[in-house]
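Taken from TrEMBL, the feature signal peptide covers B:1-17. Per TrEMBL, the feature domain 'Exoribonuclease phosphorolytic' maps to B:32-162, B:197-262.
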């Protein structure tokens, strides 16, 4: 059997030693760690920059708290598939990946089912924002890589991808912004960190626990992506969706400013 | 994936009729098609069910096997899903064509069912960190006529509700330290899963200004986006997902969630009644099988 001599493979099954450490059962803190408030629309400050990857048609990088996401867009390229829909509309292909060192538990290089699921959610969120009928017989590749996951990875991936698409010059109806939320009992935590997302409940029977991600087209006020799982009653669910929508509106000005800076850098105003 | 080509005027007429609460086959916007459910169709499984929803035909088989629990959930069992879109359903699924749809459905099922809230996973544990029951759930799509998620969720719920043949086991350690599985002698000594929180999925398709439940392929071709809502019998919503390439107004999302909750809550009681009736018939039940 040919042996791969160039790579040092670890044992087939390896586990992190942290799994064997006795975790104290900590009850969820009353205040959020970084000083934001529960039950209020408080998103983490965002740093966004476009045009980092020189080889890509368009790219963007977002940092929010400790979550770092980078996205590259390639295209529109000609595609070979000759479906009837392909003749009239372009095709958008999204790939969502976690870097192996991004989460507490090491992810492999092969795309796991969770990553495929999030790729589909990303595709569904971005598609309504793009004018795909302007790119018939073409394919646009969006590739998102999460460098460090400190919560709300998918939401920031959506924002990052739409900034990269705008940087690439793809025609869009509107930017697509993402915001996520964690519902614990009667309070919601907007833009949760990884610790808040995976927090164990205070008691076994805490009602209304769940996580949600909403992708919004802000100036059209249309929801293009909604992904929610948990155990929620109808009223808290509806309020959570409204809170996420408001969170997205808060990010809008930052995203617009980032794009303006990128455009000005690419085309500096003439002197004089 | 499954395309039904409708001419533009057909789409317009369908949208307008839906506004007046009138659909192609005479149903109202919140009515399901005729559903047939039969359990225990496959004898080699721990639980199986077949659901016919209109022309959509789904077969679910659940096999329980002993395996290692996942590292982050050492004292719970788990469910593993596999959805097979074979060329039986439509020739578009030949070869690897159906794989994309299959993974999409399987990922949604993991999100809906593989958690502590829906199925009592702690009861599936045998020895923490060593052994647990893994329920391998295999879904076969025999025929596709729209609304796959609803039919699959009904079939999974029916398969879990039947007296699943998961035997009671005990792990014995003998002197040398090897573990042995000890099975009780009584073949009917089984573990019955607590399934009161297993949710049902309702797919709502937005057509024009209104939304419909249980859309056929034609109605799906006219809709821009759908919302998938999974509801338990108590009315709690366990999963909401937007599918499709279009966008939705926040107001319509709120309306669709309300409809989904109402319709979903009403699905559980009739299903439970029918399955209780089927179980009470016992040996005298007429098996319809695949030919009837």
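Count begins at 1; order follows the chain as displayed.
Positions of Cβ are set from backbone N, Cα and C atoms, glycine also.
According to DSSP, the secondary structure content of the domain 'Exoribonuclease phosphorolytic' (B:197-262) in residues is 19 helix, 27 strand, 20 coil. Mean pLDDT, taken over the domain 'Exoribonuclease phosphorolytic' (B:197-262), works out to 89 on the 0 to 100 scale. With helix defined as DSSP H, G or I and strand as E or B, the domain 'Exoribonuclease phosphorolytic' (B:32-162) counts 36 helix, 48 strand, 47 coil.
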